[in-house]
Amino acid sequence: MKALLDLFKQVQQEEIFDAIKIGLASPDKIRSWSFGEVKKPETINYRTFKPERDGLFCAKIFGPIKDYECLCGKYKRLKHRGVICEKCGVEVTLAKVRRERMGHIELASPVAHIWFLKSLPSRLGMVLDMTLRDIERVLYFEAYVVIDPGMTPLKARQIMTEEDYYNKVEEYGDEFRAEMGAEGVRELLRSINIDEQVETLRTELKNTGSEAKIKKYAKRLKVLEAFQRSGIKPDWMILEVLPVLPPELRPLVPLDGGRFATSDLNDLYRRVINRNNRLKRLLELKAPEIIVRNEKRMLQEAVDSLLDNGRRGKAMTGANKRPLKSLADMIKGKGGRFRQNLLGKRVDYSGRSVIVVGPTLKLHQCGLPKLMALELFKPFIFNKLEVMGVATTIKAAKKEVENQTPVVWDILEEVIREHPVMLNRAPTLHRLGIQAFEPVLIEGKAIQLHPLVCAAFNADFDGDQMAVHVPLSLEAQMEARTLMLASNNVLFPANGDPSIVPSQDIVLGLYYATREAINGKGEGLSFTGVSEVIRAYENKEVELASRVNVRITEMVRNEDTSEGAPQFVPKISLYATTVGRAILSEILPPGLPFSVLNKPLKKKEISRLINTAFRKCGLRATVVFADQLMQSGFRLATRAGISICVDDMLVPTQKETIVGDAAKKVKEYDRQYMSGLVTAQERYNNVVDIWSATSEAVGKAMMEQLSTEPVIDRDGNETRQESFNSIYMMADSGARGSAVQIRQLAGMRGLMAKPDGSIIETPITANFREGLNVLQYFISTHGARKGLADTALKTANSGYLTRRLVDVTQDLVVVEDDCGTSNGVAMKALVEGGEVVEALRDRILGRVAASDVVNPETQETLYEAGALLDETAVEDIERLGIDEVRVRTALTCETRYGLCASCYGRDLGRGSLVNVGEAVGVIAAQSIGEPGTQLTMRTFHIGGAASRAAVASSVEAKSNGTVRFTASMRYVTNAKGEQIVISRSGEALITDDIGRERERHKIPYGATLLQLDGAAIKAGTQLATWDPLTRPIITEYGGTVKFENVEEGVTVAKQIDDVTGLSTLVVIDVKRRGSQAAKSVRPQVKLLDANGDEVKIPGTEHAVQIGFQVGALITVKDGQQVQVGEVLARIPTESQKTRDITGGLPRVAELFEARSPKDAGILAEVTGTVSFGKDTKGKQRLVITDLEGNQHEFLIAKEKQVLVHDGQVVNKGEMIVDGPADPHDILRLQGIEALSRYIVDEVQDVYRLQGVKINDKHIEVIVRQMLRRVQIVDNGDTRFIPGEQVERSDMLDENDRMIAEDKRPATYDNILLGITKASLSTDSFISAASFQETTRVLTEAAIMGKRDDLRGLKENVIVGRLIPAGTGLAFHKARKAKEQSDRERFDQIAAEEAFEFGTPSAPAEEPQHPAE
């Protein structure tokens, strides 16, 4: 019987839909939803607890309280289903209809919807072309608005006060109509003829020239056209009927003690109904206008509060002075419907517990406590018990399980076999934060986790908790097993490195076992095989680190690949190795040579080893190998018995002398400062430099002492060998600690920074072993506290960055195999400061070649365009010395609404070409966001110890070759015969014999060149030197100095050093100059020749002018003779703050938000010749004359540093004024490729500084999403408006349609949007609304009558469909294909029938299913 009853309760099949449309509801629509009008404010009768009739919980309107039972109890049971009781008027049906049925309130006077009024920009204002202020005055009964001016000189939509109105009425009588309140506004809205307005606006747009007007008209046109298209009437923005939410969604719950807990909405609705009823009565009584007006205003306010409390005026508050939660508050923000309930659901069949280490598990297993498993797998156990006949009913089975009879445990074992569970550790920052494992039942209450997966989960065992989830359906189990099993996820999706790398004790054990010692016990013995070595070791005849000769059997790939031949064949060779390494060779997988183990295994080496194993031996062998490495590591670490004590921290003997020398040097600088040879700033810079160098020196001495130890070799001579000091071994192996930390233990702590980032010039000379005195301890607390405060901030910021990144990329999925484009970007090795920071091989690995890769010597094609470049390919390319390869990239992919596999390349987490359906957008966002917490908020390192690199003051060549200067390098020779650089962007290249570039160095302005163009040099030769602490201003011409505008007290100040009494002239800041006149002048030097005439720039009429920047110390006197290349002034560089202006996270966020930097550098808009025009006040005028002879002017603030000189030819997009680059300019002037290179390099710089590896393609994916909108320049015959921003795919589709119809397509400019902006401007309103600014997004979407095609992942999660990625993409594709074939079959049948009966067949319309 129970089963029968359930039949009636079953939910009817959910309708299938492909899109969701949002719009404004007309009053009739609202009435059609409603099941009755709510007339009374009463809720329930508090004596009988029954709902009041016609009240907010009325059973007649909303449905019965109990299933199949009317209110008065006349009809009960199923047999009366659908009957409406004549006594109480309640329909007999399920009680759950109270969640679906709506009511309505007929408003006595229309009311404006606050969202369309107050959500900026005000939509009502746009449609009516009135200001928000005016509309508000009309709505809240402070002013009249003219509706129909008739024959009077008044204008429609004119605002007039009450006084005005009465005067006009006396003057014109009833010739004109003016109203106040929502009725007036509704009249105005009704009187708008949309078609006519759209026509006028379009013509106005074509004819007007003013920017402001174009913007205004375009906005208004967009809204009106949306009304036109969607068929929504503007007057629906004014409500006549108010819908009432179903009562179960705003429940009223009786608490014990006769009180009630209620949803705030009920209070808000009660207020509306009360005021509405009072207004009805007043209108019936024909009350005085002023009373009615006041009541109408109060009604308007009540409805405002219901819809969005606090949006206008004071928020309505409940009894406890707390603002009531309105409908808008229900859906927005972190606790709102979208983020709390739709995107973050709690799930059944899950549990959480503390994790402990499980070293005995296999990689794909986890230990699950028995009691947890019993609870999680309950339904499966019930089923099994029934099937086996242990229990007859589910109830009996339940009892069995509760009593935990022995049979239950046996069945549990059976149930969980082959049934994976998913483990998740919060925060889940990337894909590897959830992995599937096969459960192994264990006693106790903690989950056991395999040590090697800790790195992926970022878990440790200091009390971390993890959650377990059970995949229920067969499909879910299959996906968990094939896609999520831990042993299938051995690579990080961020960079393709192995994620199952050993750490800590495992590393220490392996390192200890593979070290070699001189003169160990049994050194020089020879063994016939590994088993002999093991026997000797077990009998203590040899030590682990002794050098011995062993015959080792390796399994190598078989050359003979014929049918039936074994894949691997044994190969025996004699190796000189150590006992430990020989023993480890037992676990080598077939296919790996012994040479990979024949070295001390540090952490990096082990990682490389596992990587090699993965590439050569495949996934299964690697997983087994990693497991065995782990077992060996733990065993060996235990046997090694490494521990540390105070005496292990050796304080270097030279420390005293090094520190003493430094103190002497500092004293010397103090003396120079006192006698006025250096400025205070220079002194500070130098002192800080000395101490950081000292800190380094002590550290170095300490490491040298720690890292080697004396030892007697076999011949009895003393030599040194690498130390077996425990602390040193821990750091050297990479198990724990770093050189910097050891330096603080046994060297000196060094310089500390104040909270503002400036460095305290007195260092802490003590270390932790000697102990700090009170003052030193006090100084060091600064840095330590700041570190803690930073960490807390950092986590939140990093999480927010990840959220924005995921939001902008969530709809990017691989949807096809190849888009067929031949575009790509040229990849080169990344060189910085002459060093190769990232080799070409790392940048192109796993990419698809965009054009053929050609051997430079033989010109034959090595790899064709479209080939995936794997490890062997990049090794070939590197070996042949090819220095540039064009590869496909996500940025140039031509797939619409997605990406193609070829443009993306290798899926780094799997090591093969990416599959169709992979959600590469989300993976990119996770890869960039996950290491976010490791980035700094500013640059802050070890315990606040200031780690400022001593500033570079020279460059030297790293390799042999020939010096070449770039075209922009210019220099002059001064009187001493030195070559002084006067170009700002010159670079020196070192090329090898074939002319290939080996390294490249920037040579700064004012440097002295030591090698000239064409010089052949050896590695280590200095190319140029310069003073790192000041920046000079140098003259390119000789002559007599003549100062202009150098007036003491006006533009320059005499700085007399308090200590030394010497004076220098310093240029003072414009803002600090007194008179207005002085603000516009710029102190400068002109040069006079022997005749007293101004020296001119050769070939022009311009006199030489050399301007001084603010802060420059002028080093020449008026009338002094100067030679070419002499220094006129020096600008001290900024005081040494800790490196990096905006470093770390804020910098990454700044780049992805595409913010224009303040004081950005200026790029040349065109290619042409530079000249300087007439200066205006405070600005200098720079003119570029392009090739056609047109002039382009730039006004540049005087204090800016101009990088070009008169007569120089610049290319479009070249930097002409120094400063940080503006990404928008780069995109506009240099194109997408340059922009992508800029953003990728800048983001990578930040991560590289922290030693985080992220593949470039992830950043490119984000950049693609930032470029996904374009701005229409000329709309052609399309439906777009010039200046409108539209989705790129949308515009390309429209253009294709135009070309197909022989019409004019639109032209467009690329625009760059920051990630927040891009997320909000996505076509999917559901996704945008769930991100930020919910109200604004929904308001706009409703007016536009937007349709969401559910393309992204987020929208689909929210509406509860399978996401269109991974297996879900296949599902949707199959469903669409089936619908298509069904439709065709249906059409065919219809056509046949029509043919039989001879009726003309109507064309079948495509059924779209927008769910309203």
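From the backbone N, Cα and C atoms, a Cβ is placed for every residue, glycine too.
Swiss-Prot has this to say about the protein:
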type: BINDING; residues: Cys70, Cys72, Cys85, Cys88; note: Zn(2+) 1 binding site
type: BINDING; residues: Asp460, Asp462, Asp464; note: Mg(2+) binding site
type: BINDING; residues: Cys819, Cys893, Cys900, Cys903; note: Zn(2+) 2 binding site
type: REGION; residues: 1393-1412; note: region 'Disordered'
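Feature annotations (Swiss-Prot) mapped to structure.
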residue	record	Cβ neighbours (10 Å)
Cys70	Zn(2+) 1 binding site	25
Cys72	Zn(2+) 1 binding site	14
Cys88	Zn(2+) 1 binding site	17
Asp460	Mg(2+) binding site	12
Asp462	Mg(2+) binding site	5
Asp464	Mg(2+) binding site	17
Cys819	Zn(2+) 2 binding site	19
Cys893	Zn(2+) 2 binding site	25
Cys900	Zn(2+) 2 binding site	22
Cys903	Zn(2+) 2 binding site	29
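Considering only the binding-site residues Cys70, Cys85, Cys900, Asp462 (Mg(2+) binding site) has Cys900 as its nearest partner by CA-CA distance. Residues near Cys85 (Zn(2+) 1 binding site) in space but far in sequence (CB under 8 A, at least 6 apart, same chain), listed by position: Cys70, Leu71, Cys72, Lys74, Tyr75, Glu91, Val92. In the three-state DSSP scheme, Cys900 (Zn(2+) 2 binding site) is classed as strand. Of the recorded residues, Cys900 (Zn(2+) 2 binding site) and Asp460 (Mg(2+) binding site) place their C-alpha atoms 38 Å from one another. The residues near the Mg(2+) site, meaning same-chain residues not in Asp460, Asp462, Asp464 whose C-beta sits within 8 angstroms of the mean position of the site's C-beta atoms, are Ile355, Ala459, Phe461, Gly463, in sequence order.
Cβ proximity to the Zn(2+) 2 site centre (mean Cβ of Cys819, Cys893, Cys900, Cys903, cutoff 8 Å) flags the following additional same-chain residues: Glu816, Asp818, Thr821, Arg888, Ala890, Thr892, Glu894, Thr895, Leu899, Ala901, Ser902, Tyr904. Distances between the Cα of Cys903 (Zn(2+) 2 binding site) and those of the binding-site residues Cys88, Asp460, Asp464 are shortest for Asp460. Taking the Cα of Asp464 (Mg(2+) binding site) as the reference point, the closest of the binding-site residues Cys88, Cys819, Cys893 is Cys893. Checking each of the binding-site residues Cys88, Cys819, Cys893 against Asp460 (Mg(2+) binding site) by C-alpha distance, the shortest gap belongs to Cys893. Other residues of the same chain near the Zn(2+) 1 site, with their Cβ within 8 Å of the Cβ centroid of Cys70, Cys72, Cys85, Cys88, are Ala59, Leu71, Gly73, Lys74, Tyr75, Glu86, Lys87, Gly89, Val90.
Of the recorded residues, Cys88 (Zn(2+) 1 binding site) and Cys893 (Zn(2+) 2 binding site) place their C-alpha atoms 66 Å from one another.
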